[in-house]
Amino acid sequence: MLPPEIELDAELRKVVTIRACCTLRLFVPIKGRPAPEVKWTREHGESLDRASIESTSSYTLLIVENVNRFDSGKYILTIENSSGSKSAFVNVRVLDTPGAPQDLKIKEVTKSSVTLTWEPPLIDGGSKIKNYIVEKRESTRKAYSTVNANCHKTSWKVDSLQEGCNYYFRVLAENEYGIGLPVETSESVKVSERPLPPGKITLLDVTRNSVSLSWEKPEHDGGSRILGYIVEMQSKGSEKWSTCATVKVTEATITGLIQGEEYTFRVSAQNEKGISDPRQLGIPVVAKDLVIPPAFKLLFTTFSVLAGEDLKVDVPFVGRPKPAVFWHKDNVALKQTTRVNAESSENNTVLTIKEACREDVGTELRYRVTGLIENHDYEYRVSAENAAGLSEPSPPSTYYKACDPIYKPGPPNNPKVVDVTRSSVFLSWGKPIYDGGSEIQGYIVEKCDVSDGEWAICTPPTGIKNTHMEVEKLVEKHEYKFRICAVNKAGVGEHADVPGSVIVEEKMEAPDLDLDMELRKIVNVRAGGSLRLFVPIRGRPTPEVKWAKMDGEIREAAIIDTTSSFTSLVLDNVNRFDTGKYTLTLENSSGTKSAFVSVRVLDTPSAPVNLKIREITKDSVSLSWEPPLLDGGAKIKNYIIEKREATRKAYAAVVTNCHKTSWKVDQLQEGCYYFFRISAENEYGIGLPAETSDPIKVAEVPQPPGKITVNDVTRNSVSLSWEKPEHDGGSKIIQYIVEMQAKGSEKWSECARVKTLEAVISNLTQGEEYLFRVMAVNEKGKSDPRTLAVPIVAKDLVIEPDVRPAFHSYSIQVGHDLKVEVPISGRPKPTVTWVKDGQPLRQTTRVNISDLTDLTVLNIKETSKEDSGTYEITVANVVGQKSASVEIITLDKPDPPVGPVKFDEISAESITLSWNPPAYTGGCQITNYVVHKRDTTTTVWETVSATVARTTLKVTKLKTGSEYQFRIFAENRYGQSFALESPPVVAQYPYKEPGPPGTPFVTTAGEDLKVEVPFIGRPKPTITWTKDDQPLKQTTRLHIQDTTTSTTLHIKESNKEDFGKYTVTATNTAGTATEHLSIIVLENILWI
C-alpha cells in the first residue's frame, strides 16, 4: 500500500502563462498503490467540458485546446486511494483581451447627456487594463459609434445626445492584446429629465369644504411624456406640505377641507424621470361658500316648435348659494305634469314639453298650418275664442298655392378659358351666387363661331353636372365665343359670357420649372428620414419628365409622381448612398429644360476605398486606403483600424484615432491569418467598413536554404541536395529554384524548379566547370540564394561499391509478405548478387529481387519457414566488391519436440519422461510444453500438464500394470506444434526376466554379408545404425543403403571384428521404432 503523491514540475509551481487560441497542457506525474483515482476541478466550480483528461497509474494529463480568457484561474488536482488523498493546484493565466467590465450603471440622465459608471473586468486577460472604450447606439440603429476610445477611469458623461431619443450604451476594456468583450445596457435609456413646473394655476371654485383648481401644462416635458400631476396643500401656520390629489388631467377638486380654514396649494408635474419643481397658487384660499347674485345667460327669448313635437328649453344661470328656480306661463306658476316639467341643476334649468300643443303657446298670434297638399290652392280665416265662446271668423284670405317658392338661378360665376388646343377649348366656371331657391341641376354651354355669328349648344339639353368642360371638334384657326347658363327646377337662368373671344390653335410653350429657394441650396436630410423634392413645372405640350442621379442610380424605392403642373420625388428612410446630385430634365417639342438638386444625407461615412496591403513582415502588415466617396455630410474626423484572426469571429481595435490614410499593424503572430477593416468616423458616428476580401498571412520571404550537398556528378549531370531554410518566413515553402553559372560567365540561369530538397541538373557540357545556387520560395517571394561552396566539373565519378543493410536481421510471421531494402552505392553502378545459406538465391514468382539506383530489394510473398536463413548480398564494379549479410527469421508455430521419448524412470505409479526441444522453434522462444497421456485400452487422451517449462516431466498417479502412451506438444506465441508420441509403456517396476536375444545373422569369415531390415513410416523416418551401442562407422568395406521401405547393411569379406550386437532405429515426427540384430562370424563352423 502506497499513499498517493503528486510530483508538480517546477514550471507548474509558477503561474502558467499561455496565449489565447493556443493549447494548454498540464502533465503531472503521480504515484500511489492501488492506483489512485484522479479528479480535476476549477477553483470556482467552472465547467471542464472543453478539457480532455487522460490518466494512468503513473501520470495525469489535462489538455484544453483553443484557450480563451475564461480558461484563466486555478486548476485543482486531487488524487485519492485507500491509503489517503493528495491535492495540488496549478495557476493558469491566459493572455487574451479582457473580459466584459462589470456592474454598468446609469448614474445620471439629463435632457442631453447620460452619465455611466462601471467596475473593471473580473478577467483582465493577463495584462493591465490600458483604457476603456465607451460607445453609444440609437435604439433605431444597429451600429454603435465611439464616444471615447481612450477613457482612463470607470465613469464617463456622454453628452450632445438628442433629447427624447432612446440610446443603448456599451463599455469595452482594452489591454495590450486588444479590445475585450463589451458590457451593454440591457434596456435603452431615454435622454430626458424632470419636466418644468406646470403653468399658471387658476381657482375655479371654492366651497366650505372643497376647492377646484386648474392649471396649464409645463412649457417643457423634459423630453418624456407627462405621466400625471401631484397637488399638495399647506394649512396656514404649518410648514408641512401634504399630497391631496394625484391626477392625469390639468384640473382637480380637493375635498375634505375645514370650513373657514386658510390653505395654500401647489402643483408638480411628473414624468418617467421624476417630479418637477412645484408651481404655487398665487394667493391663499379660505374654505367658505361664495355668494353670487343669480343671473340668467339666455341665448334666445323665443322658441318655436311644431305641434306634436317635443321641445326642450335650456336656460343657463349663475348664483351662489344655488338659487331657487320658478317657472311661470302667462304670469301664472307653471303646473308641472308628466308632459310638461322643469328640472334644475347647479348652473341651468331645463323646461321639457312633450308633444307640444296649442295650449303650450305663450301669447303667440301666429300659426303654422301643416298637412297641406303640394300645388293645391288654399284660403284661410281666423276666429278668437274665450270662455264665452268662439268669435266670428275673420274675412278669408286670398288663395295661396301650397309650394316652396323657387326662381330661375343667376348666371354662373367667373367663367374663363383654361386652355386651348388645335381642336378644343377648356372652360371652367363657378356656381351661381343665387340658386333661385332650388338646387342647381346642371349647366348648359353654348359656342358661337364669329365667322357666322350663330350660337350652338355644346352640351346635352339637360346640361352637365361639372363646372368645367372641354369643348371639342372646333375648327383650327377659327375664332369662337362661349357662354354658360345654370339650370334648376324653375328653368334655365341668365347666361354668363366668357370674356373676349378665343382663337382655336395649339399653344406652344417651352418647358420650364420653378425651383424653390430651398432646393437651390444643398438639401440636408438626416439618415432614416424622408427626402421630398417638389418642383412645379409647365410647358406645352406637357413635357416628359426624367429624374436621374449623377454618379449612380436612384433607388427603386423612390416614388416619383408627375402631372402637367408639377413633379415630385419622395425617398423614405434615406441613407448615405442617397447623397448626390439629382437631375430633373423636362422635354417637349418646344425644347428642353434641366436643373439639379444637391442632396446631402447626414449620416455616418461610407466605406473607405482602395484598401491595399502595402507591406508584410513576419509580425506586421502595412495598410493604405483612400477616404470614403461619401463623407456623410460631415468632415471625416478619424479612421478606426481593426484586425481579426481568421479563426475568430470578432474584430479587435488596433487604433481608434488614426488621422492619416495608412497604418502599420504590428505585434501580429507570425504565420497566422488576419482580416483587416477600416472605418471612417464623422460627427454622426462610425461608418461602413472596408474589409480585406481574403485573409492575410503574416509572413515574409524565407531565409536561404541550408547547406548544399553534391550527391552525384556525371559527364552531363549533377545531383544536388540541400537542407530546409532555418526559417520559412512564417509561410509554407512552395518550391525551390536552382540556378547555375558557367565558368567565365556572370549570368545566372534557372536550371530547375522543385518542391523537394534535391534536384538533378542535366544537359551539362562534359569537362565544363559550373557554380550552383538554390533559393527557397514561399507565397511572399524568393529568399536570398545559398551558393555551393566549390565549383563542379561535369565528369563521371568512380566510387568503390558499398552495401550497408539497415538491420542485421528481419523477423516475419509465416504467411506474411516480406520486403527487405538494402542501400547500395558505387560508381559505375555495381552488380548485385544474393546468396542464401551458401547457395545462389533462386528467384521465383514468390521470391524475387529488384535493383534500383541506390537500393537492392528482396521481396518474399507469403513467407514459409524454409525462407529463414542467412542471406548474403555482394556488390561489385570495376573498382572492387563488398559483401554484407542479413538474417531472416520466420515466425511460426514450432516443429514437434525431437524424439525419441525417453522413460528415464518407471515405477508402478509414475513414469518420468524426457525429450529434446524442437529442431525448429518457430523463430522465437518455446514458451511451454503440453503433455497428454492415454491408457492404451482407450482412445481418449488426457492432459497431464499444459505448462511444462522443461523437457522432462514426471507423470504420477498411474495405475499399476496399465499400459500408457504419451504425446508431447511444443508451444510458442504463434501456436502449438504437432505431437511427438512415445511407444507404449507399462507402469510397473522395471524388474522382469530377460527377453530373447535379437535376430541372429551368421556368416563365415571372408564371405560378404547383406542384412536387410524393412520399415514403414510417414514422413519417411531417419535410419540410424549402432553396434554395441556405438554409432556404426561406414567404410569402403562396410556401408549402409537406405530406400523408402528398407535399410540394408553391406559387409564385404566379413571377419571376426564384425561380430556383435547391432541396433537399427527409425525415427520421424510420429515416433521411433527399434530393431536389434546379432551377427556371428565363424571360422570353420556355421552356427545357427
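Just so it is clear, glycine is given a Cβ too, placed from its N, Cα and C backbone atoms.
Keep in mind that what you see is a predicted model, and the values were worked out from it rather than measured.
TrEMBL lists 4-93, 511-598, 801-885, 984-1080 with the feature domain 'Ig-like'. For 100-194, 197-290, 307-405, 411-507, 607-701, 704-797, 897-990, the entry in TrEMBL reads domain 'Fibronectin type-III'.
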Mean per-residue pLDDT computed across the domain 'Fibronectin type-III' (411-507): 89
Selection from 4-93, 511-598, 607-701, 801-885, the stretch that has most Cβ pairs under 8 A to the domain 'Fibronectin type-III' (100-194): 607-701
Paired segments the domain 'Fibronectin type-III' (607-701) and the domain 'Ig-like' (4-93) in contact, 3+ CB pairs under 8 A: yes
Secondary structure content of the domain 'Fibronectin type-III' (704-797), with strand meaning DSSP E or B: 0 helix, 47 strand, 47 coil
